[in-house]
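Comments concern the structure below.
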Amino acid sequence: MRSWSAPKVPRLPGVGAPLRLFDTAAGEVGPTQPGPTARLYVCGITPYDATHLGHANTYLAFDLVNRLWRDAGHEVHFTQNATDVDDPLLERAEQTGQDWRELAEREIELFRTDMEALRILPPREYVGVTEVIDQVAELIELLRDKGATYDLDGDLYFDVAAAPKFGAVSGYSEERMLDLFGQRGGDPDRAGKKHPLDWLLWRAERPGEPSWPSPFGQGRPGWHIECTAIALANLGSGFDVAGGGSDLIFPHHECGAHEGHVACGEWPFAKAYVHAGMVALDGEKMSKSKGNLVFVSRLRKEADPMAIRLALLAHHYRSDWEWTADQLASAEVRLARWRSAVGLPAGPEAETVLAELRARMTDDLDAPGALAVVDAWADRALAGGGTDPGAPALVRDIVDALLGVEL
């Protein structure tokens, strides 16, 4: 599956500092320590509706990770999936009388357009699940050969007893896991399972549903194994960061980590699990199932996409927050001031801005702190302070390279 066009990223003087991020599994901020090539996997959309601000907030967070690794001198191998066959997609297609493949294709194309508009750096591999069913089946077969699966009425399940470190990613109690499992696509109450937290690897063919041949019969993959297979095929085990929204901590990232562990015999599957906070509207998490969405495609018809990006950057990536129209208005004012400042013939020296932005952003992506640094420089510049003719252009490049905002 094709990705989207990459924006040009300016090269900055010097080299950025090592990036530190909050690892959910460790419960603390720690250094990322990639080799020459940093490896990043970010879970993608289920394409049954347009990209909303919750999605944008997540993908912006990992775009910052990508940019800061590059600034520190690393190549970045970034892989992302699209869950282009799944229950919500099939249900929406049936409700609206559309072919599920056409619905997925249309929403994926809209997602690409939104990501380009927001200047999100594209993945090297953008992989639709339907493109790699054979790879997913091979991984399930490996897990079966290792004794980690069992059959239940033609469906194949992962036996949680085969995962001795289960719970290590989320740190959740079994009670909380069971509650979330039922809310997020699991089936803890299904009769015949060995344990309520055992999860589906392969769903046997059902009437009216798409299916593919496999060593286990006709059917389609479960959700968690899809990302595990795509990450392993492109990045290998022990990649640097697995990322997504905080609603993926459990069960998605927890289950994927143990599929990878059993398959490869290596722990951890990802060196760090990093999660973005949830964006709310009207007091509830923005989600397709609730229908309380602010779509990026609609918002960018009304506002400069760079103002949308700035509105998101005003919140720390791990925080949960509520969207209001006032935030976009404030971002538009900020964007206009910054553009006025970098359009001046001279301004205050910018080397300190570069050092401070690198310090803020490499400390667990402190974007609000970084915005304050640029605000202060712009205020001084617009007040007539500074005589450095190269400063405005350097600040423009700094903001572009590290924050992804084109001025």
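Glycine too: its Cβ is placed from the backbone N, Cα and C atoms.
The model shown is predicted, which means the values in this text are computed figures rather than measured ones.
Swiss-Prot names Cys43, Cys227 as Zn(2+) ligands; from the candidate set His55, His252, His258, the record adds His252 to that same site. Among the residue ranges 45-55, 100-110, 166-176, 199-209, the one that Swiss-Prot annotates as motif ''HIGH' region' is 45-55. In Swiss-Prot, the motif ''KMSKS' region' annotation falls on 285-289 of the listed ranges 35-39, 80-84, 220-224, 285-289. Helix, strand and coil counts under DSSP for the motif ''ERGGDP' region' (183-188) come to 1 helix, 0 strand, 5 coil.
Its own atom aside, the Cβ of Val279 (L-cysteinyl-5'-AMP binding site) has 25 Cβ atoms within 10 angstroms in the protein chains shown. In sequence order, Met1, Gly44, Ile45, Thr46, Pro47, Ala104, Ile108, Phe111, Tyr126, Val127, Gly128, Val129 are the residues of the chain that are 6 or more apart from Ala82 (L-cysteinyl-5'-AMP binding site) and have a CB within less than 8 Å of its CB. In the three-state DSSP reading, Thr58 (L-cysteinyl-5'-AMP binding site) counts as helix.
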